[in-house]
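Take a look at the structure set out below.
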Amino acid sequence: MSVAVMSSALPTPFSAHASIPPHITETDHVQRSLVQLRSKSDGLEQYIFLNGLKERDPSLFYKILLSNMMEIIPILYTPTASVGDACTYYSQIWRHPEGLYISIKHKGHIRQILRQYPVGANPRIAVVTDGSRILGLGDLGANGLPISIGKLDLYIAGAGIRPSSVIPICLDVGTNTQRIIDDPLYIGLTNTVLCARKQMEEFMEEFMSAVSEVFPELLVQFEDFSTDNAFKYLDLFRARYRVFNDDIQGTGAVVLSGFLNAARISSAASGIPLTEHKILFFGAGSSGIGVAKQLVSFFTELGMNADEAKKHIYTVDSKGLITADRKGLQEHKKFFARTDYEGPALTNLADIVKYVQPTALLGLSTIGGAFTEEVVKLMAAMNKRPIIFPLSNPVSKCELSFKDAINWTNGRVVFASGSPYKPVVHEGTTYEAGQGNNMYMFPGIGLGAILSKSEHITDAMVEKAAIALSTSLNEEESSHELVYPRLERIRDISAQIALAVARQAHKDGVENNSVLRNLNDYDALRHIKGKMW
Ligand SMILES: NC(=O)C1=CN([C@@H]2O[C@H](COP(=O)(O)OP(=O)(O)OC[C@H]3O[C@@H](n4cnc5c(N)ncnc54)[C@H](OP(=O)(O)O)[C@@H]3O)[C@@H](O)[C@H]2O)C=CC1
Ligand SMILES: CC(=O)C(=O)O
Ligand SMILES: [Mg+2]
């Protein structure tokens, strides 16, 4: 029952509302719900509470979400323990349908399934996962749905997309994780040996064709697909459908944005120009390579050719520094494989740091604590202001805690992490961590794409989104050396990103909204904000 209904005029007929105590008002019920939420100390319990509230009383849920974003987003979306735990234990905590499961068994019938989905007439954004690489937690199969739900909650809170316009979708193509298959409560398919490559491709083709036909205005965001499939499906579909991959492109853009601001701070201390930074990627999967490509693309805008630009980048995977002479190198790693290293394989991160002498160390590896004291102190010895971004999620997989980063560099680090950290006080100074998370990026990209009615998401649109984010810092944020704006401003930021995306979509010839196109920037920004729910 909605509080909005309860607090309206006199209830009629009286008996239908006699169960509601006389002194319940909308305002105090919001407070009551927050008190109930805050009484739960465990992140998973808080997640379950909010999930139940959304089911019982969506209007109250969204009211609480919108007016307490800083408190609620970390529970529903930001990869602290709660949403990670929600995925890990989704089969245990499942209570009611809250998204769409399209399984491999629906192959041949996906259109019919989609036509039955009870949403508003015109859904605009779907976050689609197959659960095969959920955060840094690995293959969780059908338990991955809360990631799609959380991302869509951020679209609603951060970009003002209407709740009725979003669809969380999990593609259930089986799981390889034995612990999950053995769980008697597992909600997904267990008797499916993971689909053969060809069958999976046919399934994805049918899904994309069906979803775009049944929901013609839909933007599809691919989320947390395993590495090979993430690259493959982005390449396969981006020219044909309105689709982007958040882990490759959203992360590429958010890290480029933070890197530009971090490099400015670091370069001011060292005198090293932007074009001479050396960036070491620890982790060379979908997000690591996505970010590396985004940096190369940006460096080429500065006048370098791609071969020069890639010399600034070193990549490391589970076997060590990636070199071109390695046998059986996966396709996505080849472009960045070093041809200039001669010697025995470098497998230890500290040795790699000594060899590369990077100005920036970025972690997208899923290996919690990988940036050891030795590694961080090496970075601090080589750089006046070392840039260290441990970006893996959830927080248990983060390569370095903010406290250690501050302590081990004596406060000199320029830091952003994928998961949030509280401020740290060191020798009387308070330091704030940046949150280098694609949550800053995808709401604005999605909003820009749907308002401009873009047919595709081009690379240039993503890059302009990154630049819009990096230039959105206000004076107060810059004076605190933040590399990302405060999350409180996400709606304003999303509008600015959406405008940059729409403008570039026009230049790239993929947009279809003459109203937005013909407005000057000031009015276009107002128009975009006016469209927010
Ligand atoms: N902050 C943000 O906005 C985002 C953060 N992420 C996080 O980044 C992490 C990685 O995601 P994603 O790239 O999609 O995952 P992938 O599985 O595609 O890539 C992981 C990479 O880490 C490497 N790796 C694994 N173990 C080690 C090790 N011991 N030493 C060095 N490298 C290792 C893997 O090596 P190999 O190739 O040899 O297997 C692989 O290259 C996740 O935790 C995810 O949550 C992702 C997207 C956005
Ligand atoms: C943030 C995100 O998309 C991830 O960790 O996968
Ligand atoms: Mg992701």
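Cβ from N, Cα, C; glycine included.
In the three-state DSSP assignment, the secondary structure recorded for Y77 (active site, proton donor) is coil. Y77 (active site, proton donor): 23 other CB atoms within 10 A of its CB, across all protein chains. For Y77, the entry in TrEMBL reads active site, proton donor.
What TrEMBL lists as active site, proton acceptor is K151. A C-beta separation below 8 Å, combined with a sequence spacing of at least six in one chain, links K151 (active site, proton acceptor) to Y77, V127, P168, Q221, E223, D246, M439, F442. According to its DSSP assignment, K151 (active site, proton acceptor) is helical.
Marked as (S)-malate binding site by TrEMBL: R133, N393, N437. For N437 ((S)-malate binding site), the Cβ neighbour count at a 10 Å cut-off comes to 26, with all displayed protein chains included.
Within 10 Å of the C-beta of D224 (divalent metal cation binding site) there are 26 other C-beta atoms, taking all protein chains into account. Secondary structure at D224 (divalent metal cation binding site), taken from DSSP and collapsed to helix, strand or coil, is coil. TrEMBL lists E223, D224, D247 with the feature divalent metal cation binding site.
The domain 'Malic enzyme N-terminal' annotation in TrEMBL covers 54-238.
If you look up TrEMBL, you'll see 248-506 marked as domain 'Malic enzyme NAD-binding'.
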Between D247 (divalent metal cation binding site) and R133 ((S)-malate binding site): CA-CA distance (Å): 10
Number of other Cβ atoms within 10 Å of the Cβ of E223 (divalent metal cation binding site) across all protein chains: 28
Cα-Cα distance linking N393 ((S)-malate binding site) and D224 (divalent metal cation binding site), given in Å to the nearest integer: 12
Of Y77, E223, D224, recorded positions neighbouring ligand 1, Cβ under 6 A: none
Farthest-apart CA atoms of R133, N393, N437, residues recorded for (S)-malate, distance in Å: 16
